[in-house]
Amino acid sequence: MLETKYQTTAVIGSQWGDEGKGKITDYFAQNADVIVRWSGGDNAGHTIVFDNKKFKLSIIPSGIFNQKVTCVIANGCVVNLEKLVSEINYLKENGYSCENLKISDRAHIIFPYHSALDECQELARKEQAIGTTKKGIGPCYADKMNRVGIRIGDLLDKEEFVKKLTFNVEHKNKILKLVYNCQETFDVTKITDRIFNELLPQFQNYITDTRVLLDEKVKANQIVLFEGAQGSLLDLDHGTYPFVTSSHPIASSIATGTGLCLKAVTNIIGITKAYNTRVGEGVFPTEFEDEIARTIREVGNEYGTVSKRPRRIGWFDAVILKYSAEINGFTGLAIMLLDVLSGIKELKICTSYLLNNQEIKYVPSQIKNFAQCQPQFITMPGWTEDITKVTSFDQLPINAQNYLKKISELVGVPITMFSVGPNRTQTILVQ
Ligand code: IMP
């Protein structure tokens with residue numbers, strides 16, 4: 001039986017993704033022994049800045065920059081092999097070895113037909129399009145659920161792999177052609193040759209049963225960090241369905257996504273921006289578009305890491321953060337991009353919604369109801385000072401302190417840290 005006092009921390013996006021998880025992961029990574037991605041694929045985009053250099057990763061855990069850390073892509077992930085190898089090479093070119101990378105033999109593979117299907121499905125949905133990243137995430141997870149997915153471990157038996165791929169390619173080609181009238185079809189030999197001749201040799205040594213590895217590490221009381229991808233409101237069950245991703249970015253899925261038991265996660269840090277953003281379609285109650293929103297977008301560089309799409313901007317929504325805290329069990333909050341709000345005269349915080357003339361403080365399950373929610377705001381005075389050089393909570397202007405305190409009070413979770421700029425040194429711990 002596992003003891004309850006593990007040194008494990010999960011970094012979880014509390015909104016719709018892009019909260020700055022990469023930065024907080026990188027912060028914790030400096031003391032970690034193991035870093036684990038357990039859900040999603042290269043739809044995630046993590047930006048890590050240090051030593052005046054900017055790195056962008058989509059599938060390899062952000063901890064890869066610390067060479068003594070074991071980085072794990074666990075079974076709950078879906079892996080695009082082209083992207084994996086291109087990131088391995090990108091890291092190598094920048095002087096970072098991937099010898100400390102471990103990839104689960106149970107993780108599923110994203111094939112080119114998944115991306116093609118993603119694209120076709122989005123087109124077919126017309127005005128109901130989800131706004132996916134078109135990386136094939138949904139179709140890959142659908143194959144997993146449908147029990148026709150192909151896993152990383154299948155690469156270790158070429159004959160079996162080809163059998164499975166042949167079934168899938170024939171099936172997908174039919175769907176692409178007959179349902180979607182798509183001209184692009186796929187060829188088993190071409191895919192197999194590319195993988196076995198060019199891609200697999202570059203990561204074969206990293207394939208392992210990561211469940212066994214993680215179980216050993218946790219039991220040995222090593223410091224393990226679970227690096228979240230996407231955000232809680234994109235969770236397939238608890239997010240704003242159907243405008244969600246096809247995996248489970250919330251903390252409880254760490255168990256299924258790694259094979260560790262539920263008790264294995266002790267600290268759960270909810271990452272939130274000091275305001276809200278969203279990419280893709282879907283309801284966003286506190287969204288606004290005016291001069292202030294445009295300023296936030298430019299100052300905060302609110303453009304997708306992966307897709308470069310401009311992000312939608314909204315005022316801070318405490319209802320969403322509280323909901324997120326409840327479904328994840330946050331033990332602390334990390335408030336990101338606080339500096340972006342400097343210079344804004346008045347800051348709004350949404351404290352409840354009005355739905356059919358009734359005040360509610362939760363996210364309704366039906367998207368139709370969520371769309372009708374009118375955010376109820378309180379207004380807090382802003383600050384004009386440059387806060388990018390503060391090194392403690394006490395050094396913040398009083399209005400910034402009050403803004404953070406109000407967020408913590410509304411959500412009922414202490415603030416563990418906040419961030420005032422992209423560099424490692426600009427992440428401040430709250431005592
Ligand atoms: P998919 O994950 O590509 O299927 O996209 C489904 C929805 O999740 C879309 O609205 C995407 O914009 C959103 N999404 C997926 N990954 C991320 C992410 O890492 N950050 C923000 N949004 C994401």
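The backbone N, Cα and C atoms fix where each Cβ goes, glycine too.
Following the DSSP three-state reduction, the secondary structure of Asp18 (active site, proton acceptor) is coil. According to TrEMBL, the feature active site, proton acceptor maps to Asp18.
The annotation active site, proton donor is assigned in TrEMBL to His46. His46 (active site, proton donor): 24 other CB atoms within 10 A of its CB, across all protein chains.
Annotation comment: TrEMBL describes Lys144 as active site. When secondary structure is read from DSSP and collapsed to three states, Lys144 (active site) falls in the helix class. Taking a C-beta cut-off of under 8 Å and a sequence gap of six or more, Lys144 (active site) has these contacts in its own chain: Val78, His108.
DSSP gives Leu338 (GTP binding site) a helix state. Per TrEMBL, the feature GTP binding site maps to 17-23, 45-47, Arg311, 337-339, 419-421.
Annotated Mg(2+) binding site per TrEMBL: Asp18, Gly45, in sequence order.
What TrEMBL records for Asp18, Glu19, Gly20, Lys21, Asn43, Ala44, Gly45, His46, Thr133, Arg147, Gln230, Thr245, Arg309 is IMP binding site.
Under the heading substrate binding site, TrEMBL lists Thr305, Val306, Ser307, Lys308, Arg309, Pro310, Arg311. Counting Cβ atoms from all protein chains shown, Arg311 (substrate binding site) has 22 others lying within 10 Å of its own Cβ.
A 10 Å cutoff on Cβ-Cβ distances gives Arg309 (IMP binding site) a total of 13 other Cβ atoms nearby, all chains included. When the Cα atoms are compared, Ser307 (substrate binding site) and Asp18 (active site, proton acceptor) turn out to be 12 Å apart. Spanning the listed IMP site, residues Asp18, Glu19, Gly20, Lys21, Asn43, Ala44, Gly45, His46, Thr133, Arg147, Gln230, Thr245, Arg309 have a farthest Cα to Cα distance of 34 Å.
In the three-state DSSP assignment, the secondary structure recorded for Lys23 (GTP binding site) is helix. Filtering Thr305, Ser307, Arg309, Pro310 by Cβ distance to ligand 1 (under 6 A) retains none of these binding-site residues. Here nothing among the binding-site residues Thr133, Gln230, Lys308, Arg309, Pro310, Arg311 falls inside 10 Å of the CA of Thr47 (GTP binding site). Here the CA atom of Gly20 (GTP binding site) lies 16 Å from the CA atom of Arg309 (IMP binding site).
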